[in-house]
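This report refers to the structure that appears directly beneath it.
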């Protein structure tokens, strides 16, 4: 009913436009042009509306692919976000989710895809779906060739992650797994979609195919073997290929007759054979997963530490390192206003001694708990905060200190990053940014986030005073990191600072 109503509105609108006297005059003046346009938007023309929609869709996706490619080559802001996004996703690593992502990513491995292609090809051959079979072979074959050529043409290295979960060889751009998820599973989903008569079954098929393709793409980022832009480029190019093939199939089936109905086996035998092949493919997928487990973290890049002396601090700290925290596309935000030299355990112990609590790691569970406590204005002393970036990395950990309000909406908050510097005695050099969260409100991106007190220097001074009060500080000083600054954080809140950082040495 809703579809018929929408069609009726569109048809009536079109007729009203065409019958307008002024429009008729223009059409009479340029008959050949409007005749061409009419044929291109007429559903009953062989090269009419179907071809127009297919070509427009394909052109849009091709444009998006080349847009991503241009960003990769030119290192545009979107590409600057790649490393920050992939580092952020690693925060969500858990043993059970690691296994799920590995299982999902194997849907794109050539062994699993090849077996699936073999079984689907057998089915299409038996039911004499030769045009479908040709489209499927072209989709997978052309897709694999395209990915191989682009990989070697762009020659983009894989993400250099310290704790990637899966070691992959070869170049990174674009993602072959994501492309094949569209080229093979997407086209199979389209075949199923065409056979469905029920609208809800059609919608369920679309949803399942989108979910599968999205899950395969996300698994490649989660496992640390692809940049997000690799997956985005494969999504765009894969959809472009799908649009071309689906357009060709639709035109042929509509204007050249349906595929032949004669089949080589009875429908009952075809159904039984299909179920056997489906179970065999599914079993092989699970077998492949069981025989190729995640054994250990695949270390691609070991962290390297530079040994410095106390006299080198602070002069050498910012010679090659950023002075500010960053948003997800690398725009500088709050400057570093705390530099603490300490072993991690000593830093945590001294902060806890003054009532500071380590925030919980970000997970679905902790985020849900934070939402509930924020809505009902309840305490959650160790609620996770919005991750902040420095040198393309999210913070290693954070502390918060509750206020008298005992509410998740209001708290003292500080983020810490480990730097590549070490003293000879093993103490690490930590950078931090501190601020006061005064409430939760919608940010400029319409997401709920903490709004901060703009006077961020007060929080720097508070933390310095808290650590001094422990009696453990062996030396402290202040120095100018940046000029006095008025800026905005990633939520769009204003802040101002004198640009100084407190340098604090805790004992060995």
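Keep in mind that glycine also has a Cβ here, set from the backbone N, Cα and C atoms.
Automated prediction, rather than curation, is the source of TrEMBL annotations.
Model, not experiment: these values are computed from the prediction.
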**Q.** Per TrEMBL record, range annotated transmembrane segment [choices 73-99, 100-126, 316-342]
**A.** 100-126
Q.
For the feature transmembrane segment as recorded in TrEMBL, pick the matching range from 14-33, 174-193.
A. 174-193
(Q) Of the ranges 270-290, 291-311, which one does TrEMBL flag as transmembrane segment? (A) 270-290
Q | The annotated transmembrane segment range in TrEMBL, which must be one of 231-249, 250-268 | A | 231-249
Q: For the transmembrane segment (270-290), find every same-chain residue at least 6 residues outside the stretch whose CB is under 8 Å from a CB in it, and list them.
A: 102-103, 106-107, 109, 111-112, 115-116, 119, 122-123, 126-127, 263
Q.
Do any residues, 6 or more residues outside the transmembrane segment (47-69), come within under 8 Å Cβ-to-Cβ of it, and if so which ones?
A. 39-41, 78, 154, 173, 229, 232-233, 236-237, 239-240, 243-244, 246-248, 250-251, 254
